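To keep things clear, I will list the structure first and then write my remarks on it.
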Amino acid sequence: MADQRMDISSTISDFMSPGPTDLLSSSLGTSGVDCNRKRKGSSTDYQESMDTDKDDPHGRLEYTEHQGRIKNAREAHSQIEKRRRDKMNSFIDELASLVPTCNAMSRKLDKLTVLRMAVQHMKTLRGATNPYTEANYKPTFLSDDELKHLILRAADGFLFVVGCDRGKILFVSESVFKILNYSQNDLIGQSLFDYLHPKDIAKVKEQLSSSDTAPRERLIDAKTGLPVKTDITPGPSRLCSGARRSFFCRMKCNRPSVKVEDKDFPSTCSKKKADRKSFCTIHSTGYLKSWPPTKMGLDEDNEADSEGCNLSCLVAIGRLHSHVVPQPAGGDIKVKSTEYVSRHAIDGKFVFVDQRATAILAYLPQELLGTSCYEYFHQDDIGHLAECHRQVLQTREKITTNCYKFKIKDGSFITLRSRWFSFMNPWTKEVEYIVSTNTVVLANVLEGGDPTFPQLTASPHSMDSMLPSGEGGPKKTHPTVPGIPGGTRAGAGKIGRMIAEEIMEIHRIRGSSPSSCGSSPLNITSTPPPDASSPGGKKILNGGTPDIPSSGLLPGQAQENPGYPYSDSSSILGENPHISIDMIDNDQGSSSPSNDEAAMAVIMSLLEADAGLGGPVDFSDLPWPL
């Protein structure tokens, strides 16, 4: 016993003595004790539970049943979730089959993309929702062909289908021959833009364009991150598939050209007129519709681009739009007068035309823009309208013209009556433009002698009758220019420009004189313009019409080359003697404004002769020797 005690004490002393490994052993011992405690506790609990199970077999059975119930509940939940996912997938597949854009896809789409396309399809159909479907339009006793013939007969036009991507004519009815004189085989497969007027191509492209085919609007696949090719994307309702379209455009008419031979004019002009295709105004009404390319049965040039995309087309009926001339109102029924509004520059050129002018004049607004109004006035009315032009530029009051004739598109004339007023810039105190309200005058009003509408015979004389015809010789006749119907004056577009320059020159002279400091530059009617004896002055006849002195023209120039309207610079003055300014001064060495105008007239003659619009140019009118 003593030896055993000694061994125990020595062991304890060795254990308690400090050493290099004491700290490590102590830390390990401490953690080991804790672990042993935990293990002992857990083993004790497990032992107690085992003892309890041995003692109570019912508790062990309940534990097993509890574990079984948990396992069964998990399996039932998994089955429920699986059935829910399967049902949701079946619904999404069914939804994808109902949406046209998803149905046309070559690959399977993810769920998010299908839902997006379905939402966009519902937005597209929202604007076209009606209590009746497309099939209900047609009665049951009518076939599709019979309905098509009835619609074409009632519309008095032709049916056409145009692809929105390239403007290709996919279908056109046989009735197009009655309007455009083209057969059905001539147009199918061709580009619509080849038969449109160049100024109307951009307008038609705007009508054909839709956000359906815009690449920047395509959806993104949630899985791959790549853009999804689709034909239905968010956008304004008027740009979605199924939106209605209504627009005017000019299309070529295959009319047989009439060969006109005139030896008095260059052959180049007649060739240009003969080769030029005539156009007619077509009113197209329809809507955009999409079909999958597999249902169209068409050969696409680029299958890679068309794969997975619907074919968006314009289905429309084209009708020949003829200008409307109002019928006389019978009895005491008062109807609103037919009128349109136009805006002109100070030289008379159109800068804005109301859309109502198309129904009255048969011109589209873009046809009139940039042209002078004097090109459409009858030559008998130019004198009165030129005087009104001067008055509206000099006063702030509204000027009402007499009834005058205006040339419409078919070459005939319509009677109009206009109210003009000028708009002055409040800062620059200069006239910016002229606003004209043009009213159609009915034939019965002219015949009845209504005092509010003066007779055409009561208008001032033409500009030729206001001026002397020459040195006692006969009055010069106006040559007929190819392509310009009779009744209008050749080169009349220069009249407005010369009137504007005349008024601006008077304003400049009055503005520079000391006596005009206290007066407005517009109130120039009280003081007469400068006399022709002054350098660069102009001699004005009654009504403000400038005269040409006899010394301003060379002898015999007024009778030379009567067949060529622009043979030389003097012929330009001879065509419009009523608005011509004294371009040639007696002193040819002075640098007056008239010399500059004479030089400009010679340059214009050179340009016209180079373009084939005139004959040889006579340089004798130049104010300086060559």
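The backbone N, Cα and C atoms fix where each Cβ goes, glycine too.
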Response to the item:
Matching 36-41, 534-539, 558-563 to Swiss-Prot annotations, motif 'Nuclear localization signal' lands on 36-41
Discussion item. Please give me the CB contact count at 10 A for Leu125 (site 'Important for interaction with CLOCK'), counting all chains in the structure.
Written reply: 13
Discussion item. Across the domain 'PAC' (402-445), what does the mean pLDDT come to, as a whole number?
Written reply: 87
Worksheet item: Where else in the chain does the motif 'Nuclear export signal 1' (142-152) make close Cβ contacts, counting only residues six or more beyond its ends and a cut-off under 8 Å?
Response: 158-159, 173, 175, 317
